[in-house]
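Visitor: Grabbed the feature section from Swiss-Prot, which reads as follows:
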- Thr180, Ser181, Glu199, Phe200, Asp224, Ala225, Asp244, Val245, Ala246, Gln247: S-adenosyl-L-methionine binding site (BINDING)
- 7-83: compositional bias 'Gly residues' (COMPBIAS)
- Arg8: asymmetric dimethylarginine (MOD_RES)
- Arg15: asymmetric dimethylarginine (MOD_RES)
- Arg19: asymmetric dimethylarginine (MOD_RES)
- Arg26: asymmetric dimethylarginine (MOD_RES)
- Arg32: asymmetric dimethylarginine (MOD_RES)
- Arg39: asymmetric dimethylarginine (MOD_RES)
- Arg45: asymmetric dimethylarginine (MOD_RES)
- Arg49: asymmetric dimethylarginine (MOD_RES)
- Arg59: asymmetric dimethylarginine (MOD_RES)
- Arg63: asymmetric dimethylarginine (MOD_RES)
- Arg67: asymmetric dimethylarginine (MOD_RES)
- Arg74: asymmetric dimethylarginine (MOD_RES)
- 1-84: region 'Disordered' (REGION)
Amino acid sequence: MAFQPGSRGGRGGARGGARGGARGGRGGFGGRGGSRGGRGGFDSRGGARGGFGGRGGSRGGPRGGPRGGARGGRGGARGGAKGGAKVVIEPHKHAGVFIARGKEDLLVTKNVAPGESVYGEKRISVEEPASEEGVPPTKVEYRVWNPFRSKLAAGIMGGLDELFIAPGKKVLYLGAASGTSVSHVADVVGPEGLVYAVEFSHRPGRELISMAKKRPNVIPIIEDARHPQKYRMLIGMVDAVFADVAQPDQARIIALNSHMFLKDQGGVVISIKANCIDSTVDAETVFAREVQKLREEKIKPLEQLTLEPYERDHCIVIGRYMRSGL
């Protein structure tokens with residue numbers, strides 16, 4: 001019994017650089033870090049865990065090093081797929097639309113307002129050789145057109161034969177929202193073309209107006225597409241009508257605008273969302289009914305395409321407006 005305190009003190013010395021008798025400040029040399037105080041004096045566990053930098057030393061190395069490096073790399077990749085010579089731009093079968101071939105193939109349009117992105121999309125700058133000798137090559141900027149964000153892009157990716165939207169054309173866009181797809185349509189028609197963008201809701205309408213400030217070929221109209229007579233003084237005759245209004249009476253809305261603004265033999269491109277028209281029947285039945293309504297309004301259907309896998313229960317219908325009747 002007499003020796004117990006002494007032996008405990010000794011044990012304390014071994015355990016913590018005098019955790020028992022003279023409890024040496026819980027850590028001998030270097031407090032909790034040094035050789036980790038001693039939870040075993042200089043034993044292997046203490047050394048490995050604490051070392052001379054303890055937690056900061058061994059763990060901090062990898063944390064600051066590779067992780068920081070990797071993050072930097074990611075940041076670099078995100079600034080837009082600026083491939084230069086690595087990316088090859090090829091024209092798509094639809095004029096004004098292009099394919100960027102690199103690590104992955106991307107649908108792109110030539111940016112009407114270089115340096116400006118609309119919804120955070122990637123931009124690709126490519127040097128195009130000059131047509132004359134002695135003239136430096138020009139940089140052309142393209143914007144990636146995401147088919148998951150745009151019904152028209154989804155239709156192009158799905159293989160639409162006819163688009164009616166091409167460089168120099170005038171397009172009436174119904175249901176413009178904040179201008180995501182409108183900005184790409186503006187790129188397709190180019191500086192010689194025009195896009196009349198009609199949107200009824202004021203909040204996305206504000207974003208549409210701010211986008212149009214940078215693109216002189218977009219004319220934003222904050223008005224109800226059900227009443228085309230309210231904006232008839234702003235719009236001339238157009239070559240194509242694109243509609244993405246998602247309303248039960250959308251066939252009527254398209255017909256009213258086509259009768260008022262669309263040229264004879266002009267194109268009609270309609271995105272149909274089945275659930276917005278009738279959610280009680282299957283999508284195919286809804287699409288068939290809508291196509292029949294278009295026929296009754298002198299719009300001859302040319303093709304119908306589902307937007308899977310980009311959109312569920314959506315289709316896109318291309319038609320030609322026959323003013324004199326089908």
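In case you wondered, yes, glycine gets a Cβ from its N, Cα and C as well.
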Visitor: In DSSP terms, helix, strand or coil for Glu199 (S-adenosyl-L-methionine binding site)?
Guide: strand
Visitor: Cβ-Cβ under 8 Å from Glu199 (S-adenosyl-L-methionine binding site), same chain, 6 or more residues apart: which ones?
Guide: Gly175, Ala176, Ala177, Gly205, Leu208, Pro220, Ile221, Ile222
Visitor: I'd like the number of other C-beta atoms within 10 A of the C-beta of Ala246 (S-adenosyl-L-methionine binding site), please.
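Guide: Step by step: centre on the Cβ of Ala246 (S-adenosyl-L-methionine binding site), count other Cβ atoms within 10 Å, giving 16.
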Visitor: In sequence order, what residues of the same chain, 6+ apart, have a Cβ less than 8 Å from the Cβ of Asp244 (S-adenosyl-L-methionine binding site)?
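Guide: In sequence order, the residues whose Cβ lies under 8 Å from that of Asp244 (S-adenosyl-L-methionine binding site) (at least 6 apart) are Lys151, Leu174, Gly175, Ala177, Ser181, Ile270, Ser271.
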